[in-house]
Amino acid sequence: MNLHEFQAKALFREHGIPVPEGVAVSDPAALGEAISSLGGDAWVVKAQVHAGGRGKAGGVRLVKGSRELEHAVGELLGGRLATHQTGPAGLPINTVLVESLTDIGRELYLSLLVDRARRRVAIMASAAGGMDIETVAAESPEKIITLHVDPAAGYMPYQGRRVAFALGLEGPQVSALVKLLGQLYRLFVDSDASLVEINPLVVTKTGELIALDAKINLDDNGLYRHQALAELRDETQEDAREARAREHELNYVRLDGNIGCMVNGAGLAMATMDLIKLHGGEPANFLDVGGGTTAARVAEAFKLILSDEAVKAVFVNIFGGIVRCDLIAEGIINAVKEVHVTVPVVVRLEGTNVDQGKQMLAESGLNIITAESLTDGARRVVASVQ
């Protein structure tokens, strides 16, 4: 789950991490109060969407005077912002963040994330702040500093000093970064985050460290421990199908192809997509219906897949380990009838009661193609859309 910048900065403030003075505005009528609260005669207006590249797309604007501020807020609120991360449709702008200006001396990069290979929290830092960190990693990997935090010991001040020296900080700035990293680590652990990023972390001309931007991604598996954070979810920033899938305990990710996939098990789902690609097809989605698949869940999965108009065929690949194949076949038949599926459906079943399941599909009288193997199923479904 992603947080908006203004939500992330609110958490930063709670943990003592310095951020610019700012006010989140969702209604233009609240601008007067925001101006009074912030003071000054120049501000930065930032569109609040779950995507990077906002500045290049016109979503971050420097304004002078209340008239320019009103114009910028009026243009952004209620519109959509398309960046290189959103696709051409963009994301809706329901809130803007109005902030006081910061006197920037240097721009740095700082983040904490989960390194799954090392099973540790990784601290990443770079003197090339304000840039796309993926670009820095690809073009100048030597500019990125990476340290790992031992989960038993936790963050240690010496690690902060190593980062500070590598970034070229001096004097009080070293102590400030050591403290800031400790606060970031505590926030990361306390909120079950998967990523906490500051880009840029600025050194002002007076030598202060300020988080000019803030990005927090939370681990969905830990949200049950953080009800207040879970309530910050903005579903308008998410794919509507993915939100609907969550309600029915389905793991769904939309892709760009035309072959819908329904599989039980994440590993089998990925293997299924690989084979579709291998045979010249393009998966329209990743969909894991889970181990305890039921007829109702299968029906909902069909509805979800077919709500994508790009889908021209569906490949159902189920291994009946926890559930019996005859029950799965019954669910598929009922779902095809209920949803009025008009595209070809290729089904590959394997496991408990597989013969009964295949017989039920064959006798259903529906447009269901039974595959003998995973490879056979991939070939058949790709052929059906060509």
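Backbone N, Cα and C define each Cβ position, glycine as well.
So that you can see what the record holds, here are the features copied from Swiss-Prot:
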DOMAIN    9-244  domain 'ATP-grasp'
BINDING   LYS46, GLY53, ARG54, GLY55, GLU99, THR102, GLU107  ATP binding site
BINDING   ASN199, ASP213  Mg(2+) binding site
BINDING   ASN264, GLY321, ILE322, VAL323  substrate binding site
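Structure coloured by features recorded in Swiss-Prot.
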residue: LYS46; record: ATP binding site; DSSP (3 states): strand
residue: GLY53; record: ATP binding site; DSSP (3 states): coil
residue: GLU99; record: ATP binding site; DSSP (3 states): strand
residue: ASN199; record: Mg(2+) binding site; DSSP (3 states): strand
residue: ASP213; record: Mg(2+) binding site; DSSP (3 states): coil
residue: ASN264; record: substrate binding site; DSSP (3 states): coil
residue: ILE322; record: substrate binding site; DSSP (3 states): coil
Quiz prompt | Fewest other Cβ within 10 angstroms of its own Cβ, chosen from the binding-site residues THR102, ASN199, ASN264 | solution = THR102
Quiz item: Under DSSP, is GLU107 (ATP binding site) helix, strand or coil?
Solution: strand
Quiz item: Which residues in the same chain, at least 6 apart in sequence, have a Cβ under 8 Å from the Cβ of LYS46 (ATP binding site)?
Solution: GLU5, ARG54, GLY59, VAL60, VAL96, LEU97, VAL98, GLU99
Exercise. Please work out the number of neighbouring Cβ atoms within 10 Å of the Cβ of GLU107 (ATP binding site), leaving out its own Cβ.
Key: 18
Quiz item: Could you tell me the C-alpha distance between ASP213 (Mg(2+) binding site) and GLY55 (ATP binding site) in angstrom, no decimals?
Solution: 12
Practice problem: Measure the Cβ-based neighbour count of GLY55 (ATP binding site), defined as the other Cβ atoms within 10 Å of its Cβ. | Solution: 14
Quiz item: Can you tell which of the binding-site residues GLY53, GLY55, THR102, GLU107, ASN199 lies nearest to VAL323 (substrate binding site) in space, using Cα positions?
Solution: GLY53
Self-check item: Distance from GLU107 (ATP binding site) back to ASN199 (Mg(2+) binding site), taken between C-alpha atoms, in Å
Solution: 8
Quiz item: From the Cα of GLY55 (ATP binding site) across to the Cα of GLY321 (substrate binding site), what is the distance in angstrom?
Solution: 50
Quiz item: For ILE322 (substrate binding site), which of the binding-site residues GLY53, GLY55, THR102, GLU107 has the nearest Cα in space?
Solution: GLY53
Exercise. Identify which of the binding-site residues GLY53, GLY321 has its Cβ surrounded by the largest number of other Cβ atoms within 10 Å, counting every protein chain shown.
Key: GLY53
Quiz item: Including all protein chains displayed, how many Cβ atoms other than that of GLU99 (ATP binding site) lie within 10 Å of its Cβ?
Solution: 23
